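A.B. asks: Can you read through this structure? Questions will come right after.
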């Protein structure tokens, strides 16, 4: 996304009001020779390539890896995940949520096409990656995060997401500075997505609806433009149309998702306030549905929902403007048949309109046959133009069709190591499925230039309506997705290398100039390892007679000689932070001198063979790079080759016994073809500790601070696995209580009762009063209107001193819509003492079953151990554990 991408209102109005210069829409469109199945397959894949955060084990993009894992840390939240906006790495909330809404709309209308083409699982995965992020970005009813990353610093750097060097601030709207447009669009995205998930994951769909309702209430109650509060967004995605369209759009989708008539009434009420043409009472029609203005989508949806003439008239007027013309006004056409609304991303606007036209024409076909055919043919024509039916006979979809774009304006796909839009000349990756901006005016002209962001930008919202339209056309005309897609790319050469020369040499020493270079892009990654130089001890020379000094050094201090085998030794120099992130970042230089107090003959030294002289460095594979215990560049003496197969990623990571300065981590063991040597625990991307077992107590943490932990495995050859799914926790405040909760659970996941044994322990040095101290077990009732009964079955301190009740939450949270609260009528807990077992039981009043697998506090454990998903509270203050 470039800083000039905002809607140039005045220029656009002049453009669309101009007399039509191209031909009228063709009267009919035959099924063309385009493989809609392949196009749909690749368009969905584009969203895989745009993912931010932790990537799944089945990541389909061979050149992408985890990135931006500490997003949100500046505000104490986990805001990792979601999608990067375009060819940059900002997460802009408004166009992102619009894209999710459009993808969901396409799935609601064309689910069968997605299913029969085999793309439904991939679409669902991308939708969920987006809606999971909205859940994170909505931490409380009236708080919404709408941007991560600052536009200008992000755009000033050109590189891959995996090695971003800049700070990534988080921006929000709340009741004090609201964003009705942002919250309303988030509500629409969650409501529409809930419709897509309701058949396959009704629990998740219900969670989405809960957030959608809260978000819409926030949008409606606290009115304001989000870009007036998230001012960084105003330069890039200013809310030109205001928030009225999102109030209608959100209400429509909530009505569709819930069937609640009050939302349709709300949509009708707010619809009356939508924008009109200047000096007219007619609804606006000379633009189209896009990230900023959803009025046009509302016309179509309200017509379909109600069948009322007011909405039909508005939808017809808008689509007439795009096809046959209305009242002397018509969108411009190119000689080749492209409808061109605006210069920036012209194909995006045409594709969005095509999707709406196709959807509306299906409904209109029994009411207005002529118009339905016109709108249908328009939709087909615009999509076919993008696929290659144009005067250039060229596709505008990367990696699809004839002569497609090769150099989109996209940092990650380019794969530069030098912070340069020009280097390398040709993008290293193929960004399959990305729809580029296309011609900048109605002349069918196009240049495949990465620097021309008007023609070659790609973005989430560019593909949103386009993907739905492709699904619609696949449903009508068919096609065949590729069996061998996606392809696993092969690197274009060595990614990590060493270049070196002999700077100076004499009878007693050799001085080497060496550069460590990192041009990695499969995926881009930082080298934090060592350089090894191998040499032979001659005659009776002892290791103690060898010294190593450095002259110019961007790396670290050299080691003493280390025996490799027999008389062959090496010196090792740490060289960290080498990343494909800029001219000064992708390579580091070290000049080192090896001096012998005995004899010295470099002619038989492994690493001295083939080096350049002076400033004429050459690439050498005899100076070895190692990282995480394995060779990543070069060959060791004798051509020793490491086992290349990494272990499986650890699973089941849990965090317990969280204090103000420590946390206990445990996980399920990895497997490996040779053997697992150990595990590294990471906070974000930083290793915080290592373990030979499947657990670690992480110490030295900062009180009242969020941490995102993950774990990876190392095998005996030094190969490193992918990281586990991360877990986020927060350390307790420094002055927090030292209470902890232990839990044991052994009941079946599906049963008509929940049984749990809990225990409260005082790990402090002073007594703690039990009065006002409670334990909360969090669960879902699986039925919104459920009522409950609860008992203390047995307690070491006696059930007479224990009370158990069930409290229903005012709004469901992921993993809980209620909790069982255990309280104590009297007494205190001495330092080091515990309450002993308290066995509690919960049932519904009608004794129907619970499904506990998604319950926040559910686990099966034979032992009474610390468990932070059962929480402790003093009054309403959380003093132990993690709430849902």
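Using N, Cα and C of the backbone, Cβ positions are placed for all residues, glycine too.
A quick note: this is a predicted structure, and the numbers were derived from the prediction, not measured.
Under the heading active site, TrEMBL lists 409, 448, 457. TrEMBL lists 491-638, 734-884 with the feature domain 'CBM3'. The feature domain 'Fibronectin type-III' is assigned by TrEMBL to 649-734. Summarising the annotation, TrEMBL assigns signal peptide to 1-30.
Give me the lay of the land around each of these features.
C.D. replies: In the three-state DSSP scheme, residue 409 (active site) is classed as strand.
Neighbour count (other Cβ atoms within 10 Å of the Cβ, all protein chains): 17 for residue 448 (active site).
Annotation note: residue 457 (active site) sits in a strand segment as assigned by DSSP.
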A.B. asks: Among all the protein chains here, how many other CB atoms are within 10 A of the CB of residue 409 (active site)?
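C.D. replies: Cβ-Cβ neighbours of residue 409 (active site) within 10 Å number 27.
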A.B. asks: By DSSP, how many residues in the domain 'CBM3' (491-638) are helix, how many strand, and how many coil?
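C.D. replies: Counts, helix then strand then coil: 9 helix, 78 strand, 61 coil.
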A.B. asks: Run through the Cβ atoms and count how many others sit within 10 Å of the one on residue 457 (active site).
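C.D. replies: A 10 Å sphere around the Cβ of residue 457 (active site) contains 25 other Cβ atoms.
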A.B. asks: Rounded to the nearest angstrom, how far is the Cα of residue 457 (active site) from the Cα of residue 409 (active site)?
C.D. replies: 5
